[in-house]
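J.: Attaching a single structure in structure tokens format; questions to follow.
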Amino acid sequence: MEPQSLKLESPFSLPVDSDNKATEFRPLQISPPHMRAFHLAWFSLFSCFFSTFSIPPLLPVIRDDLKLTETDIGNAGIASFVGSIFSRLAMGPACDLMGPRLASATLSLATAPIIMSASLVTSPTCFILIRFGVGFSLANFVASQFWMTSMFSPSVVGLANGVSAGWANMGAGVAQLVMPQIYHFCISLLDLPVSTAWRVSFLIPGLFQAVTAILVLAYGQDLPSGSYKDFRKAIKTPKDNFSEILHNGLTNYRGWILALTYGYCFGSELTTDNIIARYFYDRFGVNLQVAGMIAASVGLANLFSRPMGGALSDKMGRSFGMKGRLWGLWLVQTVAGLLCVLLGRVNSLWGSIAVLCIFSVFVQASSGLTFGVVPFVSKRSLGVITGMTGSGGTVGAVVTQMLLFSGSRFSMQTSISLMGLMMIVCTLPVTFINFPRWGGMFSGPSCNTSSSSPEEDYHLLHSGSDRKEST
């Protein structure tokens, strides 16, 4: 009877470890604090993806109205990625200093007026600046991953991170479907002229983003035990300054390797989203509607493929420790690279569609596997490492776009195959990652695992369950 009474006294609806982190992941529940934090995190990030990618579906109308050139449109696309790079880097330390809830809500509320101000754009320069500013909102990806790591035990954190990011990424696809409908609603039912209708349409994503931010503030909490501020007071931890947290993260070589790896899984996915519709339209002669449907399948695969990568990382971690997580990441991303090489070489329409669908699953699963490793790199500077890795994804997209898909140096199919080769090469450094406590792909834990190196001074999210990775 005593164990049952203890269970009844638990304030949590999910089983937890010694640090009150959930050891089970039940996405169909909304019970506080763990699953409520999960739903608030992914839904808030979903709204940011929706806002950021609400502009491309209306580009044909905006282009004609503002007299945009192809150069203007290309520069605007790059600007949106550049904004995301800087904001993701800054969001990491912000989470370390103030917690994910406040950092996430603040960014969403700050960037919501930017997407609304798209209705005031009158020139190509203003349009590029708007895309640059809206891209900052995608830094909420860092807060989302930080939040999941704060709430879920290492045994399920890969799955939690994968599902949160995968469901949030669907916001980009939903924007492609919904924004044209909002635009046509403004024309047909509100009887607005074209130049006014597309401007009014951008009030919706801005309001949506602001509402999700308010929900995060009203109903979320940083940690299972409560707010981040109260947690720091309770354990009487010395307050780190920004430079200490930043230095600790930037000097950890594992973070840089994972940033490079993520640059050629998520970065390759972003690049594919940009070019694949035009590729099928030009090479196989399909119409715009069919090309759009083929391209949409890439984003929609995030519903299950990225969560599947997170689940695989957790499974490999439970079975083989950190060695399993690293081998899983290397193998899946290498296969994704090989499929990308093949995609550029297939000469039939249906063969290309089949390879594209399989490639999408593997490349998105690689993103989930990457963030199955990130939480173990440095808990003292978890936000910095998360920000570095997240920024690596957008840097990879920018670099790949500029090297392979800008200008006419290579044919489109050759560029796709070269992108696959870059994925394979940039995944190889994963073999150099080694943790003194857990080992690496080709080595076990160091002999002296009782002491902790300075970079593993885990005073923020310390978890005794981390030791399971070595079993």
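From the backbone N, Cα and C atoms, a Cβ is placed for every residue, glycine too.
Just so you know, TrEMBL annotations never went through curation; they're auto-generated.
Predicted, not measured: the structure shown is a model, and the values here were computed from it.
Summarising the annotation, TrEMBL assigns domain 'Major facilitator superfamily (MFS) profile' to 37-432. If you look up TrEMBL, you'll see 40-61, 73-90, 102-121, 128-147, 167-190, 202-220, 286-305, 326-344, 350-374, 381-404, 416-435 marked as transmembrane segment. The annotation region 'Disordered' is assigned in TrEMBL to 451-471. Look at TrEMBL and you will find 456-471 tagged as compositional bias 'Basic and acidic residues'.
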J.: If contact means at least 3 Cβ pairs within less than 8 Å, sequence distance 6 or more, would you call the transmembrane segment (202-220) and the transmembrane segment (102-121) in contact?
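T.: By the criterion, they touch.
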J.: What stretch of 40-61, 350-374, 416-435 shows the most Cβ pairs under 8 Å to the transmembrane segment (102-121)?
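T.: Most Cβ pairs under 8 Å with the transmembrane segment (102-121) come from 40-61.
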J.: Suppose you look only at the domain 'Major facilitator superfamily (MFS) profile' (37-432); what would the mean pLDDT be?
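T.: Overall, the domain 'Major facilitator superfamily (MFS) profile' (37-432) comes to a mean pLDDT of 89.
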